[in-house]
Amino acid sequence: MSLFRAYRAHEALITPARPKAQVWRLVIGVILIAGVFLLANQFLHQSLFTLLGSETYGALTGRDGQMSQLSVMFLLLSFGLLTVAVTVALKVAHNRGISAVFGNATLFRSQFTVVLLMLVILNAAVFALPPWDMGAPLVPNVNFGAWLVVLPFAIVAIIVQVSAEEILFRGYLQQQLAARFRSPLIFLLVPSVLFGLGHYMPEEAGENANIIMVWSVIFGVLMADLTARAGTLGPAIAVHFVNNVIAILFVSMPDSLSGLALYLSPFALTDTQELRAWLPVEFAMMVVTWLAARLAIRR
């Protein structure tokens, strides 16, 4: 089966983008997204600093060096500004509304739900298998009672964060590129490379920064493929949501968004040998997740 046939559902997302798909419009859109997001973020932080004072502001945003439950949720929720920025770019540069980026609303909800259920079952099955070893015992982090109280709010915050990223990369960028260029290599790879660059963290990950970036590029390609097969953002948001729920709420790296996690991994992002030994397992799980999502939508 050719990619063009496999991606026939993608046409539902591409068609609304075609009337104003010129490259110069895309360039203006990207500039608008960067500008609006940076300005809105700066305005938010400056306003909070002025209203709350330096100590409370530092605790809320994590600028005090402490990664608390509150500061992680604040960071995740601040991704909502990215969605606002994409909304502005769509309207100004392409005369489009944000709703078209998601695809058909009924199909979106249906695909999101079925993929979410599939991945819950998959991860429950993996958890029930013979013990997985990360090289050392997991480190308890947040008290279970406190974790449970915050859980509903944390879930909402993660939905805001993953939706914003999917709206930008698999929504705006992928759809506008697909409307202008026929080759899947362009609309699959370009947004995915940019997604990977957005996850390049040399200060946090040290020597592992490059391999984490490559992992992110591959994840981006798989989500782009899933979106093209589905014709909505539903499956990609569901996969991204489950991935981040596990990585942020259940087992987090001690040096990366660890404030909400029930447990911490026994190694950090900068631990080259340990992390690279675990990455093949992560990669295999990523591929299995992608295949399970494809099975769920049967495309």
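Cβ coordinates are placed from backbone N, Cα and C, and glycine is handled just like the others.
A TrEMBL annotation is a machine prediction, not a hand-curated record.
Feature list (source: TrEMBL):
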TRANSMEM  23-44  transmembrane segment
TRANSMEM  70-93  transmembrane segment
TRANSMEM  114-132  transmembrane segment
TRANSMEM  144-164  transmembrane segment
DOMAIN    150-246  domain 'CAAX prenyl protease 2/Lysostaphin resistance protein A-like'
TRANSMEM  185-202  transmembrane segment
TRANSMEM  208-228  transmembrane segment
TRANSMEM  240-265  transmembrane segment
TRANSMEM  277-297  transmembrane segment
**Message:** Given a Cβ distance threshold of under 8 angstroms, which distant residues of the chain, six or more beyond its ends, lie next to the transmembrane segment (114-132)?
**Reply:** 234-235, 238-239, 241-242, 246, 281, 285, 288-289, 292-293, 295-297
**Prompt:** So, does the transmembrane segment (208-228) come close enough to the transmembrane segment (144-164) to give 3+ Cβ pairs below 8 Å, pairs being at least 6 apart in sequence?
**Reply:** no
**Item:** For the domain 'CAAX prenyl protease 2/Lysostaphin resistance protein A-like' (150-246), the mean pLDDT of the predicted model
**Value:** 94
